[in-house]
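Here the structure comes first, spelled out in structure tokens, and everything after it is commentary.
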Amino acid sequence: MAEALLVKEAGSVTVPASGARPFWRRLRRRRSALVAAVVVALLVLVALAAPLLSGIEGQNPTAYHPDLVDSATGGVPLGSFGGISGDHWLGVEPLTGRDLFARVAYGARVSLGVALGATLLQVVIGVGIGLSAGLGNRFVDQALSRLTDVVVALPVMVIALGALAVVPAGFPRPVLIALIVGLVGWSGISKIVRAQTLALKSLDHVAAARLSGWGPWQIARRELLPALAAPVITYAVLLFPSNIVVEAALSFLGVGIKPPTPSWGQMLSDADTWYQAAPTYLLVPALLLFVTVLALTVLGEGVRTALDPRAESRLRIGTRSKKEAGA
Amino acid sequence: MSSFLLRRLGGAVFVLLALSIVVYVTFYVAPGDVAQIACGPRCSPVQVAQVREQLHLGDPLYTQYAHFVQGLFAGRDYSTGTGVLHCQAPCLGLSYQSDQQVTQLILAKLPATASLAAGAFVLWMLLGVGTGLLSVWRRGRATERVLTGITLAGMATPVFVIGLLLIIVLVTALQILPFPDYVPLTDDPEQWAWNLLLPWISLALVSAAPYARMTRASMLETLAEDHVRTFRAYGVGERTIIGRHALRGALAPVIALGALDIGSMFGGAVLTESLFGIPGVGRELVDAVKHVDLPVVVGLVLVTGFFVVLANAVADILQAAADRRVVLA
């Protein structure tokens, strides 16, 4: 997918992070990033407070309400806009009458939780492999680089689809999906970390550290990791929304999160057959997924430019002024 | 160049071999009795034992893998109980589900996937590079900001969300397009294109965004270079600078990205094919997984991996051809 692009963009963030405070100042200056951050914060809040919120609504995500759907039409929700009312803030699910708000709120936990777990795992593995390849001898580097090649050729979707079929049904699905996505999707980070490590290794302060007898572990921790933080964070922040999409896609295909656990992708796949009779059922998870991923992407974009202030200005050198452009 | 190609080829063979081992081990060591799965849930223990015998599932794993590799290069024979079935090289095994040869099964699904990929590729290249070009041409103005915003939104939208919305608008509400019903190109070219239009548009809309970003970023980078400033000083027009010089600089990375994407697409645009019911490689994979049809899954992963590895090599070569500065080391 867009992995190659992400590697290129995050890999160009080579400026060592100049401390936390200027970073926050630069991030806050971007209005789009600020708005996105508020949206993300709200979503996280909804996810964390899902039981509380659906408690206030007086509903839960798994209770059936057969009285709220029209059995004559095969289960279309009664009432306008998919049965939206004071009791059911976003209406009810066709066929079962389960409360839609409670389901999307609990679904937010799954989406964000799985993506968070997967991203953390990708960062840990990617940094570990990338650092070892960059610092190790030629044999280690070759072996790890070939391993990365193999993982690149393993499409996440394919492996996830396959692994889900053979792992016993009793294993908690959200954990399994986070594991699969994490174990298969670290190649981008490891490529960036390896390239940066090789570049950093030749710098004076790293050479000095080596000459004064530091071991590779100490060099990695004290000299390399601080400099690697910026590109790794950039990549990870952009990876997070794409992990959300992968989870939604797996659930959409019916090999991800299993009912009764709600997930947005699974709701979309159910809604696929209902879009004519009950469009709200489709629109609610679709819009939520879109807004979530968009907000996270915009936020990631903001983080990238805040960590690499030269990026935009570098690209701005050739910009024509308004007068020049004839405006 | 030729030594680069050779080394690349060697690397590719290694990666594919490693890939096959990873996949093989994952699927055959994973919990769950393969013989029981292959036989079906209603098989008696005696029947399961028979299947285990027939498929050599009792053998040590390395023997099984050796048989698999042998089948890949030399073909292998399967006893069907009454006779012997010869599976020609490259043999990827027999489907548990249909007893069909996996190789034939995949070959039969490739045309639909290729049709989807080819049309979508043309559309998203035009859309992506066009958007990038336009936002560079109108840089510093509102147009650029709007286009950048749309591009970000495009990167954020999963194909099934766009696809479902397009179905609602174009098929159900406006009734401009039919719901896709795949017709092979050789049967009726017009119906082929007409039915694939909706999947093409959906796939193009979600795939174009990275190209727009890359085109814009690369062109702006080129425009900032010294030689462009010299062109400007000599009075070369903006249109020539953008169209001839900046665009050329952007071409290499865009082409490379295109090769990578088309490679992964041959592994099946799983989501698009599932959503629109296109009988391609991706949907076959979903079916195989749902039925725990292990040989088909293993075969599909290998074929997909092959195309990804191939695409990676092609991307590197194209990039070197388009940009003299890239050295094939």
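Cβ coordinates come from backbone N, Cα and C, glycine included.
Note that the structure is predicted; figures quoted are calculated from it, not measured.
The domain 'ABC transmembrane type-1' annotation in TrEMBL covers B:110-319.
Sequence annotations record features per position, and here TrEMBL assigns transmembrane segment to B:12-30 (among others).
Marked as transmembrane segment by TrEMBL: B:116-137 (among others).
When Cβ-Cβ distances below 8 Å are used as the criterion, the transmembrane segment (B:149-172) is approached by residues 131, 135, 178-179, 198-199, 201-203, 205-206, 208-210, 212-213, 269, 271-272, 275-276 of the same chain, each at least six residues removed from its ends. Look at TrEMBL and you will find B:149-172 (among others) tagged as transmembrane segment.
For the transmembrane segment (B:192-212), same-chain residues at least 6 beyond its ends with a Cβ under 8 Å from one of its own Cβ atoms are 115-116, 119-120, 123-125, 127-129, 131-132, 135, 147, 151-152, 154-155, 157-159, 162-163, 166-167, 170-171, 177-185, 254, 257-258, 261, 269, 272-273, 275-276, 278. Under the heading transmembrane segment, TrEMBL lists B:192-212 (among others).
What TrEMBL lists as transmembrane segment is B:249-272 (among others).
Long-range contacts of the transmembrane segment (B:292-315) within the same chain, counting only residues at least 6 positions beyond its ends with a Cβ under 8 Å from a Cβ of the stretch, are 8-9, 12, 15-16, 19-20, 23-24, 27-28, 32, 34, 37-38, 92-97, 102-103, 105-106, 255-257, 259-264, 266-268, 281, 284-285. The transmembrane segment feature in TrEMBL is assigned to B:292-315 (among others).
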